[in-house]
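Have a look at the structure below, then the notes.
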Amino acid sequence: MPSIHPSIDNGITKGNPNFKGGKLYCHCPTRKVEVTLASNVAHNHACGCSKCWKPKGALFSVVGVVPKDAVSVTANGDKLHIIDESAAIQRNACKECGVHLFGRIVVDHPFKGLDFVHTELSPQKGWQEPQFAAFVSSIIEQGFKPSEMDAVREKFRKVGLQPYDVLSPALMDLIATYTAQKSGKLPSKL
């Protein structure tokens, strides 16, 4: 089976709940884009969607969220560009190496105010470990054989990650709550 993700293939390393953040770097040999995160990530997960940046040969990305106010570009920001300005998550990638450093939501959205980041781009240890796998079936859209999907889901379960074809139940509940509040079916403050 191809690599799920380098940080998952051989088991998951537990993060440090007291970890305070670190720096992310693009893959350029010189003039690396540097992004500083002033907090640990939350909801870190394997993602099979076709939009997320993935390491070479990996079927999934590993991506978590941090408050947007905890994200700052601290070196070579001139090398960043937004991959698709029409997407809900505006992925800021290095123009030279293509690595996505952070994704920001600027439209009205349940996750607005949170930035999506790939902690594998950090040399620091202690980031929250992946909590679940999302959009698992989406790897089929990228050419993965449907007949091999059971093995992918079993690999996730074997390392302790629940595979979902959407987000985790807690995140789906947040989206549904946001939608109900916007429509007036629930009060704006619960």
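Using the three backbone atoms N, Cα and C, a Cβ is placed for every residue, glycine included.
Per Swiss-Prot, Zn(2+) 1 binding site is recorded for C26, C28, C94, C97, and the stated evidence type is sequence analysis. Per Swiss-Prot, the feature Zn(2+) 2 binding site maps to C47, C49, C52; the stated evidence is sequence analysis. Taken from Swiss-Prot, the feature domain 'CENP-V/GFA' applies to 19-165.
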Using all protein chains shown, find which of the binding-site residues C26, C47, C52, C94, C97 scores highest when you count other CB atoms within 10 A of its CB.
C47
Rounded to the nearest Å, what's the C-alpha distance separating C47 (Zn(2+) 2 binding site) and C97 (Zn(2+) 1 binding site)? Just drop the number here, would you?
21
C47 (Zn(2+) 2 binding site) - helix vs strand vs coil (DSSP):
strand
Once C47, C49, C52 are set aside, which residues in the chain still have Cβ within 8 Å of the Cβ centroid of the Zn(2+) 2 site?
G48, S50, K51, K54, F60, S61, V63, A134, F135, S138
Limited to the domain 'CENP-V/GFA' (19-165), I'd like the whole-number average of pLDDT.
96
List the residues of the same chain that sit at least 6 positions away from C49 (Zn(2+) 2 binding site) in sequence and have their Cβ under 8 Å from its Cβ, in sequence order, or write 'none'.
S61, A134, F135, S138
Note down the number of other Cβ atoms within 10 Å of the Cβ of C28 (Zn(2+) 1 binding site), including every protein chain shown.
16
What whole-number Å value do you get for the CA-CA distance of C97 (Zn(2+) 1 binding site) and C52 (Zn(2+) 2 binding site)?
15
Assigned conformation of C94 (Zn(2+) 1 binding site) - DSSP reduced to three states:
strand
Cα of C52 (Zn(2+) 2 binding site) to Cα of C94 (Zn(2+) 1 binding site): how many Å, rounded?
14
